[in-house]
Amino acid sequence: MIVTAFSGVIMNILAIVLNIFLFDFYYSESTKHADINLIKDVIESYDRPTSVYAKLCWETSWLIDLANEIFKIKNPVAITFGKIGNVEEVTPSNHILFLVDTTCNNSHIVLQEADAHQQFRRSYRWLVLETQGSGYNSKLLEIEPLNILIDSDVLLATKIENVTYVLKKIYKISTQSEWITEDYGNWTAEHGLIMSNIISSDASRRRNIRGHPVTTSIIVTENRTKSELDDLKNLLSDSLAKICFRHTKNLCQFMNASHKIGFASMWGYKTNGTWNGMMGDLAKGTVDFGGTIAFLTSQRLQVVDYLSSPVPINAKFVFREPPLSYQNNLFLLPYKANVWYCTAAFVVLLVIILYINAKWEIKKAEYEQAGINKTALQPSVSDVTILVISAISQQGSSNELKGTLGRAVLFLLFLTFLFLYISYSANIVALLQSNSKQIRTLQDLLNSKLELGVEDIVYNRYYFSTATEPIRKAIYETKVAPKGSKANFMSIEEGVKKLQKSPFAFNMNIGTGYKIIERYFEEHEKCGLQEINYIESSIPWMSCRKNSPFREIYKLGLFKLQEHGITDRENRLLFARKPVCIVRGGNVGSVNMVDVYPVILMFLYGLFLAFLILLVEIVVHRKLSKVIVV
């Protein structure tokens, strides 16, 4: 009886233990299947290729189940277990998803190691599994030094019931600020992942940085600008600093940030392995945002990220199209080459015809035994040539053909050259008022007769003096800063005034330069303005320090300001666009020495030739006189 009762007790105890074991086994199995399905649904929600690096303390069978489920996802997926820290990025960083379970004992070490390798920064994705025990401030949030900043993508999945999870994204504005959470959605075994109605772009959601200071470095060349950044009275003083300050101020308002300003005296260049100026401030991390636009160079890409180009200006050579005579001999342009060839052939033909005709008239007079008229054209090449030249220059001649045929030839000769002379003169008048369109490249500018000048500003002196490309180097050494002469660096106002008055090409900030041109130039003087790039990367960009957590928010803000017209409005306050030509030919200038230079040169050559012929004639005459005396 006692044995039977004891056996019954044993059986009851075994039954209870078995039930507890079976319940625990079922509970753990259902829980892990829920975790696996949650992970699968989250990866599918990204809808892009994903490489998973998982640090889990699960049983091998569960890891196999997880891998099998992940491989069913439509986008290409790879999974690696046990490796998170120093990941070799054989795939793009935006394809990588780190998976961590904070119930594992060493999870905090894994997270700290990932933080040391900067794997919480932009592009990397994280899925962190939590339990309800410590609420939303479990192991991950208790590790305060973690740099899960505003550009991170860390999804915290917290289990609140057996198969129910709350998903939140977490970040900090700075390392020392409080945690900020965003509702991402919920997951249940019955309904799967239900995402909340949130904006998909992290930068759009997180643009409110709650008064956090944005430190900027602004380049000024005059000390008074530091107190006049918002003053538009003196637009010629540090115009770039003023316009960039206005854009940066609007950006800070978009981000709800406080604006902390620093100043630099130059853009910054790498000297002896160290950056100076604004680039030096960004490289050292003392500022986060470059408050003045800068040109893009391969060296600067090592220390800054370029964002946007809100100021549509650049530095170019600007010049008024010079008169055509500065590039060409006007007296050869009225006719095309084939017309000149035909005219020359026609002159030769006329000389031959006139010579034959003169010969014929002399023979006829001798045959008729009539006296030869002294004014009749003699059948000599020199006399005939002089007659043709007098016809070309619309001058008369004391010698002429007397016969009917000869007079007909003379009439044809003078009539033909009258028309040629009229058309030639009309073309010359038109060409004197024309501008040359042959200067379109740096090579043309180098070979032109234009004087060159450069706006005296830091980056111009640097880029011109360090140019290595042959044409650019030749421009600097022969036209901008020739040896033994003062370099042609000048203020922008002085350069524009010189541009107005003389054949001159001026390299300047065209936005400010055109503002001055609007002030000083007459309407007809605005016509024919041309531009040529000298600096190869001539579009300036706003920049921030390399891998700044605010980079995407900066980009978003700058593009939003452009999209809503605020950027354009600010630009119009300080800068002008290229003037539109409304009135042409408002002022016809007088003929200058450059225009008539070929004629004067021909006159001098003719004068020299005449004296040379005179000298030859004198020598010949003296020799002949000696022969006669003997």
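Keep in mind that glycine also has a Cβ here, set from the backbone N, Cα and C atoms.
TrEMBL lists 6-27 (among others) with the feature transmembrane segment.
Marked as domain 'Ionotropic receptor 75a N-terminal' by TrEMBL: 60-218. Note on the domain 'Ionotropic receptor 75a N-terminal' (60-218): its mean pLDDT in the predicted model is 84.
Annotated domain 'Ionotropic glutamate receptor C-terminal' per TrEMBL: 337-524, in sequence order.
Per TrEMBL, transmembrane segment is recorded for 338-356 (among others).
As annotated by TrEMBL, transmembrane segment applies to 405-424 (among others).
Per TrEMBL, the feature transmembrane segment maps to 596-616 (among others). Sequence-remote contacts of a segment are chain residues at least 6 beyond its ends whose Cβ falls under 8 Å from one of its Cβ atoms, and for the transmembrane segment (596-616) they are 325, 329-332.
Same-chain neighbours of the transmembrane segment (405-424): 334-335, 343, 346, 350, 353-354, 357-358, 360-361, 377, 388, 391-392, 394, counting only residues six or more beyond its ends whose CB sits under 8 Å from a CB of the stretch.
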